Amino acid sequence: MWNASDVNFSCYHESVLGYRYVAVSWGIVVAVTGTVGNVLTLLALAIQPKLRTRFNLLIANLTVADLLYCTLLQPFSVDTYLHLHWRTGATFCQIFGFLLFVSNSVSILTLCLIALGRYLLIAHPKLFPQVFSAKGIVLALVSTWVVAVASFAPLWPIYILVPVVCTCSFDRIRGQPYTTILMGIYFVVGLSSVGVFYCLIHQQVKRAAQAMNQYKLRQASIRSNHVAGAHEAVPGRFQELDSGLASGGPSEGISSEPVSAATTQTLEGDSSEVRDQSNSKAAKQMAEKNPPGVAAKARTTKGAQRAQDSPSEFGKVTRMCFAVFLCFTLSYIPFLLLNILDAKVQAPRVVHMLAANLTWLNGCINPVLYAAMNRQFRQAYGSLLRRGPQSFHRFH
């Protein structure tokens, strides 16, 4: 188990004298990249009309949590590694430890809400606007912080410097069994539920793809028999919909029920909110009743083109959200496994520090993912970097 150094706040050890400079360099990169990237993200959400949606408030919440860590906490981690000594006193060590876990907890809870939202969009589109209404989204955001604070406030007396990772954290011995239960809820139950939601999204699209394949086979059979008017597929019954979880390009997943453009553009697209999905169902029924020729003409309208384009945007946004979750999880897995398998700290101290330092990645990686995987964020970032304050006038 970790040994607490709450007398002299030292994490000095001969085995890490050289490694500390690696940790300091990495910590500076995280602090600078995370601060700049997360500030740019908040500004992008503020100035880009197509990013100003209710659902994107979840992205903003995740960004605030990351900014709290990178801007306020990370510089003290760098200083502690550089001197191998916590130099700001016992009280701020408690504040640091408390805010560290609050930030991580808010991130996990927000990732859960994002995954839930993506799932509702594809599986229960009528339920989405009820859950993520104006009041619902505000309540969800406030709840992430209230729950996080309430979870870790009781540990206030036992936040100390943990020498093996040179970081202020809770004393695992004095915190038992509460801390074990708490970590299990957040990191095991919480992150597992996010993974389950994305699996459900993928399965939903896969089932719809199978239905579409059967539909295509029936259409091919009708064409081979030269049935009049059978050469046109009935629009509105099926739409291509990418789950966003494939490693390559968009998958061939198909939605067996129309998806409205407003629904699929909650993270990218115009700023309109999700509308009642009964219109989509009515459109489907009309398309099934109308002759194929009449329906084919209707496809040329602007609204239909937009509806056909929007599912691919759903896939891109879902893929981006999944990548954020994946990076967060992968950055924590080595640290969590090491603490489970090496509870008595028999592994070299530098190994524990390496695992702990890898968790820093989750504070700065998200803006990089947004820029790489989302056109709207990429354009907003580029405008901010090129034009500075003038960007605020450009997007209004």
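Every residue, even glycine, has its Cβ placed from backbone N, Cα and C.
Residues annotated as N-linked glycosylation site in Swiss-Prot: ASN3, ASN8. Residues or ranges marked as phosphoserine by Swiss-Prot: SER221, SER224. The phosphothreonine annotation in Swiss-Prot covers THR263, THR264. The region 'Disordered' annotation in Swiss-Prot covers 243-310. Residues annotated as topological domain 'Extracellular' in Swiss-Prot: 1-26, 79-94, 166-180, 342-352. The topological domain 'Cytoplasmic' annotation in Swiss-Prot covers 48-57, 116-144, 202-320, 374-396 and is backed by sequence analysis. Positions annotated as transmembrane segment by Swiss-Prot: 27-47, 58-78, 95-115, 145-165, 181-201, 321-341, 353-373.
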If one takes Cβ-Cβ under 8 Å and requires six or more residues beyond its ends, the residues near the transmembrane segment (353-373) are 16, 19, 23, 26-27, 29-30, 33-34, 36-38, 40-41, 59, 62-63, 66, 69-70, 74, 77, 103, 107, 164-167, 316, 319-320, 323-324, 327-328, 331-332, 334-335, 338, 381
Contact set of the transmembrane segment (27-47) with the rest of its chain, CB cutoff 8 A exclusive, min separation 6+ beyond the ends, reads 56, 59-60, 63-64, 66-67, 69-71, 74-75, 77-78, 81, 357, 360-361, 363-364, 366-368, 370, 376-377, 380-381, 383-385, 391-392, 394-396
Checking 58-78, 95-115, 145-165 against the transmembrane segment (181-201) for Cβ pairs under 8 Å, the most are found for 95-115
Students should find that the Cα atoms of ASN8 (N-linked glycosylation site) and SER221 (phosphoserine) sit apart, in Å rounded to an integer, by 81
Per the Cβ under 8 Å criterion, with at least 6 residues separating them from its ends, the transmembrane segment (145-165) contacts 2-6, 9-11, 13, 80, 86, 93-94, 96-98, 101-102, 105-106, 109, 171, 174-175, 178-179, 182, 186, 345, 349, 352-353, 356
Same-chain residues at least 6 beyond the ends of the transmembrane segment (95-115) with CB under 8 Å of its CB atoms are 58-59, 61-62, 64-66, 68-69, 72-73, 76, 88, 140, 143-145, 147-149, 151-153, 155-156, 159-160, 167-170, 186-187, 190-191, 193-194, 197-198, 321, 324-325, 328, 362-363
Reduced to three DSSP states, the topological domain 'Extracellular' (79-94) has 11 helix, 1 strand, 4 coil
Per the Cβ filter (under 8 Å) with a sequence gap of at least 6 from its ends, the topological domain 'Extracellular' (166-180) is approached by 1-2, 4, 11, 16, 23, 77, 80-81, 84, 86, 93-94, 96-97, 100-101, 152, 154-155, 158-160, 353, 356
If you count the other CB atoms within 10 A of the CB of SER224 (phosphoserine), including all protein chains displayed, you should get 9
DSSP output for SER224 (phosphoserine) maps to helix
